[in-house]
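Below you'll find the structure, written out as structure tokens, and then a few comments.
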């Protein structure tokens, strides 16, 4: 009976689904560039058994640890758009060159932080759920994420004590604060056996956060950038729609609405009414560009990335359930439709003050060429928001924190403004997807926000300045400012130390040989002396040098004495002078990071000489 019960248990779905970290290990990835494979894990984790809800993740281990361990969770928006956008077009270590080739991203955020990309909500990207079970509210989305993290940290407990940051862009401006609130609540309600998660900060790029402030900014930005000519027939039509939007926003019930139909129509009409005779319209994600889709097929990397992720061998490498994930699309319209069918929750702007006051730092950043979530709307929401005893960027009543000009390696990069644990960064010449345009500049920004200290690692720091004042040192992955340069120096020091240690050991061995030969010769000489005196009738013999040795010896005592010497030497063979003299502490003392130089080198990526440049040519109205 017991045997049958055991057999049933082993064959049960619960047992079959039990997995370990090893099951998620990514052994290799198709098209990977030359060099060591980064340490990766990927696959599905169940978050809702009743609806077959599973979230897909792709995790990259950091290449270096600066002063402490950090994990950054990245989420794209939509709603319903895959975080593989962030992994392969923005902040991840690889970019897709074509559908069969990956290249290193010079400016990836994984140098000092573990990266965890999650396709969420269920049904997004490689995640899946029963077709009638898409989510309708942000509380449910947040609950799934907390469940996911509980299971993920149980699988990978070495990361549970990391400083935790949640980052993303666009409609993730709604996801991120709601998920952060759920984590703060979870930390307050856990029992003594559970570990609180160290939520340190949030980073939101071109985020959809405050509809009340951001809907009106569409026409403000269009006029400011010359997309619409004031007084024109197009302007008249759009102004009428914008007035209808303003009336709806004035309705008290709209204060808690994330999506307002009358306001959504303004952007759609702007795209339609400004279409050129060549049937091109402005790219809503990068106004420097025009194309027939108004940016819905932008950026150019999207097509090869889609073909890459649809390859069978790629899905196999990422440990995907083949029966559930037959393909990949960037955005699942059904996920977005169901989340926007009704109001999914309170606008995230209302959550930010409590999060900041609870000790969570927040960084908002914007690319100045984005229309759909433009910087004017973000700046307006900050201006109106009240937190920590002040309004906006007040440092004291009536006095606002200054905008500090930011230069990166000699070029005007944008500006910083910050007060009371909120930081805002504007990027010049940047689109809706800022890390796509400026990977190294965003890496510089994130390293400073998460307080990376490279003092114990080395490398030539990037030249990053605010108002001409050089900022604390950090390195940003190119040949002139990277920790890889320091790694090479450490390796050279290690090799030099090893050769010195080997030489020292060789000298010690030579000394041992010389001493041994000398002692051996001495005893041979003494033995012969005793043998030559053995014929004297008055001999008393020699006292043994070993305790317990006979006082009277014959002519054969010389050989016996030498034999005892050899035996004594063999008995002490374990006391290896060479081994004693090879002090590995010398190697450890070279630098605090040198002990792990070999291990770090396994994950160091060869740097490229490419400089950041604006990405153009090529062209969603989803918020990615």
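Every residue gets a Cβ built from N, Cα and C, even glycine.
Of all ranges given (463-483, 484-504, 505-525), Swiss-Prot attaches the label transmembrane segment to 505-525. When Cβ neighbours within 10 Å are tallied across all protein chains shown, the highest count among the glycosylation sites 106, 421, 429 belongs to 106. According to DSSP, residue 421 (N-linked glycosylation site) is assigned to coil rather than to any helix or strand. Across the fold, the C-alpha of residue 421 (N-linked glycosylation site) and the C-alpha of residue 429 (N-linked glycosylation site) stand 26 Å from each other.
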